Structures are given as structure tokens and as C-alpha cells.
Amino acid sequence: MAKGRVADRSPTEMLHSTPAGDRAVRTQGSAAPGSKDHLNEKPCAEAGSARTSLLILVSIFSCAAFVMFLVYKNFPQLSEEERVNMKVPRDMDDAKALGKVLSKYKDTFYVQVLVAYFATYIFLQTFAIPGSIFLSILSGFLYPFPLALFLVCLCSGLGASFCYMLSYLVGRPVVYKYLTEKAVKWSQQVERHREHLINYIIFLRITPFLPNWFINITSPVINVPLKVFFIGTFLGVAPPSFVAIKAGTTLHQLTTAGEAVSWSSVFILMVLALLSILPAIFQKQLKQKFE
């Protein structure tokens with residue numbers, strides 16, 4: 001069984017247990033698993049494909065950027081000032097200016113605005129580009145709370161899943177070369193929580209222990225199933241998004257993104273994070289008791 005096979009491997013072997021990684025492990029020779037030489041062999045094996053991976057990544061990014069260009073071209077005619085404000089927000093002033101433009105056209109061009117928001121959010125998430133936090137806040141300004149929350153969770157889940165697939169396709173050389181030690185440590189945690197992986201992913205999305213971009217690009221390398229990854233992300237981003245969307249209802253009163261988070265909201269997020277991991281803790285204790 002696959003589970004038994006993973007249990008017999010060293011943490012480093014678990015890191016490389018993708019289909020491509022398994023083929024490479026079988027041809028690695030006499031290096032001892034878990035040794036420094038063993039850790040270095042994989043980057044060497046993947047080095048030849050780094051250039052190909054980069055070309056594929058650039059091609060995919062170019063296609064995605066072209067789609068974003070088409071979405072922008074399909075937008076209603078804008079004034080010169082409005083065109084200047086139609087950009088990915090980098091601070092709260094940008095978010096306010098963009099919100100002002102989108103709210104002006106939202107009622108008349110509802111579908112175009114919704115598609116533009118949806119596509120932009122997924123684009124940022126897919127390529128790990130900063131700015132999605134401001135789009136989360138902006139959703140609370142533009143849409144009713146239930147729709148805004150569903151929209152942000154769906155965009156986050158899809159965007160992170162696209163990033164996952166992109167990493168599976170072309171990102172492994174980067175993980176093997178630059179993130180090996182961190183990925184090995186996380187692979188150990190994943191194996192420890194394998195029976196409750198959805199709860200663990202939810203916990204990680206709520207808490208700031210691991211950056212989202214790191215979770216996205218290393219998950220396919222350490223055998224986190226895509227279905228589990230999507231569900232855990234969709235549910236896990238809901239509590240932080242709740243805070244951001246709620247803040248978006250008072251967008252014009254905010255001056256920085258930090259003002260969207262209060263001590264009460266941090267406390268609530270910590271409680272929800274603990275609740276998400278409790279089933280795994282209780283089941284583990286019951287299992288040990290009956291054994």
C-alpha cells in the first residue's frame with residue numbers, strides 16, 4: 001500500500017515522492033537516504049530541466065497576462081483618470097481609488113466587473129503576486145457579505161490550486177534547489193497529520209506559521225493531494241477573509257491594511273485555528289488509548 005511505502009521512507013525521500021521524484025530516487029545510486037549527498041543529488045538531477053521549466057513558466061504567464069489584457073479590453077470605456085486607477089492595489093489608497101472606479105460601473109456592467117475581479121484575484125494567487133489582501137477588502141466594499149465571502153474563498157481556492165499545478169509542472173527544481181530543508185521539515189508534519197490533512201491545511205491557512213506561497217508551491221512536491229489542498233484552502237481562508245471583507249464595508253475610513261485587523265479578530269482567528277485542529281488531536285488521543 002502507498003501509505004506503508006511512505007512510512008518506510010526517510011523525510012527526504014518523502015519530499016521527492018512525486019512520480020518524477022520516484023523515478024529519480026530509483027536512479028540515485030549509493031547515496032544514503034537522508035544524507036547531505038542525498039539531498040544534493042536531486043537538485044543536480046533537476047538542474048538540466050530548470051531552463052525548460054523557466055520557458056514553460058514564462059509561456060504560461062504570458063498566456064495568463066494576455067487573458068488579463070482581454071478582460072481589461074472588455075471593460076467599459078474609462079476616462080483617463082479612471083484608467084490610471086485600474087491597477088492592482090499596492091496600498092490602501094490604491095484600493096480606495098480602484099474601489100471608486102469599480103463601484104461606479106458595478107451596477108451597469110455587473111458581469112464585466114465581476115469577471116475582472118475574479119480573473120485578477122486568481123491571476124495574483126496563481127503566480128504568488130502580492131495584492132490579493134486588498135482585493136479581499138475591496139470585495140466587502142463592492143458586494144454583499146455572503147457573495148463577497150464565497151467569491152474570495154473560491155478565488156483563493158482556485159488560484160492556490162493553479163499555483164499548486166504550476167509548481168507540479170515546473171516548480172520542482174526551485175523547491176529542490178532552494179527550499180529543500182524547509183520542505184523536508186514540512187513533509188514530516190504532513191506525514192504526521194496525514195489522516196487529518198484537511199484539518200491541518202485549514203489550520204495553516206488560518207495561522208501565519210507558513211507563508212501561503214510556500215504552502216502552494218511545496219504541496220505537490222510532498223504529496224498533498226490536490227482535492228484535499230483545494231478543500232482545505234477554500235475553508236481555511238474563510239476566517240481571515242471574514243475579517244478583511246468586514247473591514248471593506250468601511251473602506252473609505254481605512255488608511256492601512258493593518259487597520260483591518262483588530263485584537264478581537266486576532267483572538268477569533270486563534271480560536272478557529274484551534275477548533276480546526278482539535279478533531280485530529282482528539283482522535284489521536286483516542287487511538288493511543290485504545291491501543
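Every residue, even glycine, has its Cβ placed from backbone N, Cα and C.
According to Swiss-Prot, the feature compositional bias 'Basic and acidic residues' maps to 1-11.
The phosphothreonine annotation in Swiss-Prot covers Thr18, and the record cites similarity to another entry as its basis.
Taken from Swiss-Prot, the feature phosphoserine applies to Ser35, supported by similarity to another entry.
Among the features that Swiss-Prot reports, region 'Disordered' is placed at 1-43.
Annotation source Swiss-Prot lists region 'VTT domain' at 140-251. For the region 'VTT domain' (140-251), the number of residues in each DSSP class (helix H, G, I; strand E, B; coil) is 93 helix, 0 strand, 19 coil.
Among the features that Swiss-Prot reports, transmembrane segment is placed at 52-72 (among others), with the record citing sequence analysis. Sequence-distant contacts of the transmembrane segment (52-72) (same chain, at least 6 residues past either end, Cβ-Cβ under 8 Å): 86, 115-116, 119-120, 123, 126-127, 166, 169-174.
Feature annotation from Swiss-Prot assigns transmembrane segment to 109-129 (among others); the stated evidence is sequence analysis.
The transmembrane segment annotation in Swiss-Prot covers 147-169 (among others) and is backed by sequence analysis.
Sequence annotations record features per position, and here Swiss-Prot assigns transmembrane segment to 197-217 (among others) based on sequence analysis.
Among the features that Swiss-Prot reports, transmembrane segment is placed at 225-245 (among others), with the record citing sequence analysis.
Residues or ranges marked as transmembrane segment in Swiss-Prot (evidence: sequence analysis): 262-282 (among others).
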Residues from the same chain, set at least six apart from the ends of the transmembrane segment (147-169), whose C-beta lies under 8 A from its own:
18, 53, 56-57, 60, 117-118, 121-128, 132, 135-136, 139-140, 175, 212-213, 215-221, 226, 229-231, 233-235, 237-238, 241-242, 244-245, 248
Can you work out the mean pLDDT of the predicted model over the region 'VTT domain' (140-251)?
90
